[in-house]
Amino acid sequence: MIQSTRISMGLFFKYFLSLTKIDPGQNYISLPSIKSSTHIALLFMVSMGTQKLKAQSFFIFSLLLTLILFCITTLYNENTNVKLIPQMNYLMVVVALFFLNAVIFLFMLMKYFTNKQILPTLILSLAFLSGLIYLVETIVIIHKPINGSTLIQTKSNDVSIFYIFRQLSFICLTSLALFCYGKDNILDNNKKKTGILLLALIPFLVFPLLAHNLSSYNADYSLYVVDYCPDNHTATWGINYTKILVCLWAFLLFFIIMRTRLASELWPLIALLCLASLCCNLLLLTLDEYNYTIWYISRGIEVSSKLFVVSFLIYNIFQELQLSSKLAVHDVLTNIYNRRYFFNSVESLLSRPVVKDFCVMLVDINQFKRINAQWGHRVGDKVLVSIVDIIQQSIRPDDILARLEGEVFGLLFTELNSAQAKIIAERMRKNVELLTGFSNRYDVPEQMTISIGTVFSTGDTRNISLVMTEADKALREAKSEGGNKVIIHHI
């Protein structure tokens, strides 16, 4: 077990280092690019497509990934001659964060509109929307031309202020969403719901206004987070602010785990973002001097984590669409096709330019209403599922089996003759009678039988109404003769 774990981790490190670019001349390491991070996210999506991950295992793996990123960046940045990253590169990172936050906001908002009972989802969407405000402010600051050391210090200080308040807004709104998690009484009370939303406006609107006024836009109330040294062209980061952020992220991560137990699909993603932000700020604590390289690395961690969140949300949407498509044409109880799909299939067959031999069967479970009345609907459902399983074992894989209503099923067969249709129908009838007999493996209370009405056509008819009418006549004829029979009509 230990050896296999070492091999797996070795392969992971080998893949990660192949994506990581090290410049020997500059002696520093940069995180994987956005494209490489997408490769990692896609690998996760493929693995999730093959097996359904539990929330706990998903979070543990994300924890290991983020810690590995943190250790690698810290290791390669010790005692290095750090150089400034070009301003345009940093602008690209901020723009990437802007679009990632916008995408996550839209996903969260759409998820809320699909189920307006989930108030925490709406509050979380506001958390990502608030980040867009700070990122717009940051982009405007970066675009300002540099005319001396004073403006460099001002730009660095403003970027730091918006960075701090962006995290504070996210922490406050996430904490409020966490407070509402699992409290249905808030949703039932409109006054409480309105109060919660008004409270959410403080970090959503008041914090950005406060950050704007504490920046260089208002000289009377400026907050100085960064001290610029013109001699060596470095800016010293206020470490106390980082310590506060580290504590807040750590407490938020702890309470998310304790409150939600990572039970839903959404909260493990939020926990991952908290963990990434925690590591970003811890990375800043490990260095004595503020510089754009380390800032760029921390933003790279945030980009990677949010790329993964976006990838998972897209994967989740495709899963829900797949489930919705399946429910649209499948019966919930028996997991076979429903009436709508069956009739569409028959109409599609009859509308072909050339229609070959085909057969439609209607199957009715004899004495099913008595089973429901005597044993209850729970046993009745078990009988339905059992007979469906027996019928599926008696027909070909490409044949269509659908539940039309109650205990009536429809089957559509193609590429067979009348004799083959009779053989299949008799096989179904005998198997149901035999496999539901005494001490059967399906645990149905008594032996069951079915009646089958069959209509066979050589392809001359194109009228679905005629086909279904003849099949229904054959079924009623089989039941009128005592049931447990197969009657075939030809058209």
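In case you wondered, yes, glycine gets a Cβ from its N, Cα and C as well.
Computed from a predicted structure; not experimentally measured.
The Cβ neighbour count for Glu407 (active site, proton acceptor), using a 10 Å radius over every protein chain in view, is 20. What Swiss-Prot lists as active site, proton acceptor is Glu407, and the listing cites sequence analysis.
What Swiss-Prot lists as Mg(2+) binding site is Asp364, Ile365, Glu407, and the listing cites similarity to another entry. Residues near Ile365 (Mg(2+) binding site) in space but far in sequence (CB under 8 A, at least 6 apart, same chain), listed by position: Val383, Leu384, Ile387, Glu407, Met448, Thr449, Ile450. In the three-state DSSP scheme, Ile365 (Mg(2+) binding site) is classed as strand.
Annotation source Swiss-Prot lists domain 'GGDEF' at 356-491, citing sequence analysis.
The site 'Transition state stabilizer' feature in Swiss-Prot is assigned to Lys369. Neighbour density for Lys369 (site 'Transition state stabilizer'): within 10 A of its CB lie 12 other CB atoms from the protein chains shown.
The topological domain 'Cytoplasmic' annotation in Swiss-Prot covers 1-54 (among others) and is backed by a curator's inference.
For 76-89 (among others), the entry in Swiss-Prot reads topological domain 'Periplasmic', with the evidence type a curator's inference.
Annotated topological domain 'Cytoplasmic' per Swiss-Prot: 111-121 (among others), in sequence order, evidence recorded as a curator's inference.
For 143-158 (among others), the entry in Swiss-Prot reads topological domain 'Periplasmic'. The average pLDDT computed over the topological domain 'Periplasmic' (143-158) stands at 71.
Residues or ranges marked as topological domain 'Cytoplasmic' by Swiss-Prot: 180-193 (among others).
Under the heading topological domain 'Periplasmic', Swiss-Prot lists 215-236 (among others).
Marked as topological domain 'Cytoplasmic' by Swiss-Prot on the basis of a curator's inference: 258-265 (among others).
According to Swiss-Prot, the feature topological domain 'Periplasmic' maps to 287-293 (among others).
Residues or ranges marked as topological domain 'Cytoplasmic' by Swiss-Prot: 315-491 (among others).
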Legend entry - Surrounding CB atoms that lie within 10 Å of the CB of Asp364 (Mg(2+) binding site), all protein chains: 20
Legend entry - Other same-chain residues whose Cβ falls within 8 Å of the Cβ centroid of Asp364, Ile365, Glu407, the recorded Mg(2+) site, in sequence order: Val363, Asn366, Phe368, Ile387, Gly406, Val408, Phe409, Ile450, Ser451
